[in-house]
Amino acid sequence: MLNRSLLFVPADKEKMLRKINELQADLIIIDLEDAVRVDEKHIGRDLIRKYIGDWEKPVFIRVNSIETSEFQVDMQLILEISNAVSLQGVMLPKSSSRRNIEELAEHLETIENQGSRQSKLSIIPLIESALGVHNSIEIASSHQRVMMLAFGGVDFTTDIGAQITDGEMELLYARSKLVIASRCANIKQPIDTVYTNFKDNDGFIENCIYVKQLGFAGKLLIHPSQIKSANAVFSPSKEEYEFAQRLVSRALTEKGAFQLDGKMIDKPIIEKAERILNEYELIKSKI
C-alpha cells in the first residue's frame, strides 16, 4: 500500500464524502475528531455508515482520543462497518504510550472476532505531544497492528510551548525521533504533519522535499490541492528508478560490497534500491 499522501476528510461533510473515489490520495483519513464539532459527531458517524460501502479507496477512521467518551461510541461504529472492504484501520490521535495502542488493539480484536472480516485492521498512531515523542519507540513497537507513525506537528508545538517558525527547527528533534523509532520497530517510514497553508504550493513542495530527506514517506494533507504535489515528491524519480535497476542487477553478480558510478554499494543500499523498484512498479500499476 502506498502512503505518499494521506488526506483528512471531515466526517460531517457529505459533499466531500461523496467524492472520495475521485481523489488521487493514497489513503483517505475520515476525521471524526478535530474536524467535527462534538454536537455533530453523530452526523459524521451516520454519514460514514451511509457511504462506507461505496468507497473504493483505502480508508482509515481517525477516531476520538482514547480518554474521551466519544472513543467508545467510535468503537461501536467500527464494529458496525468492520466488514467494509475499503476500511483498512484506525488512526489514534494523541497517542502517547504503549498502553494506548494495546487498548485500541484489544478493541479491534474483539470487533474482528464478532464479525467476519478476513484481514486485520491496522493502527496509525498520531504522535502529537512531548510524551508521545518521548515514547515513540515503545509506541511503534507496541503491537503488530501498528502500520506506521504519523506526526501531529501543530499540537506538538503547542504542547512544548514552542513558536512556529518558517524553518521548523522546533520540529526537527521530534521528526528525527519518529524516523528512528519507526526503523527500530521495523515498520513503515512515518508520515509527516500537515502543511496548513494549502494555497502555498511552492512552500508545500519545499516542505515535502525537506521531510523526505529526513526519512518521511509522505504527508498528512488538509486539502485535495496538495495531493498531486505530495505524490510527485514522495515518488521515486525516473533517475532513481533507473539507477536502482542497474544497482540491483549488478548486485546479482557480486558476492559482497562493490562500486557503482564511484559509490560504494553494500547491503543496506541494495535493500533501499529494491524498495525503490517495488514502489515504482506499484505506482506504475495504479496509473
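Quick reminder: no glycine exception, Cβ is built from N, Cα and C everywhere.
In three-state terms derived from DSSP, Arg62 (substrate binding site) belongs to an extended strand segment. As annotated by TrEMBL, substrate binding site applies to Arg62, Glu128.
Within the same chain, residues at least six positions away from Asp155 (Mg(2+) binding site) with a Cβ under 8 Å of its Cβ are Lys94, Glu128, Ser129. The Mg(2+) binding site annotation in TrEMBL covers Glu128, Asp155.
What TrEMBL lists as domain 'HpcH/HpaI aldolase/citrate lyase' is 4-224. Model confidence over the domain 'HpcH/HpaI aldolase/citrate lyase' (4-224) is summarised by a mean pLDDT of 97.
Taking the Cβ of Arg62 (substrate binding site) as reference, residues of its chain lying under 8 Å away and at least six apart in sequence are, in sequence order, Phe8, Ile29, Ile30, Asp31, Leu32, Glu33, Val90, Met91, Pro93, Leu126.
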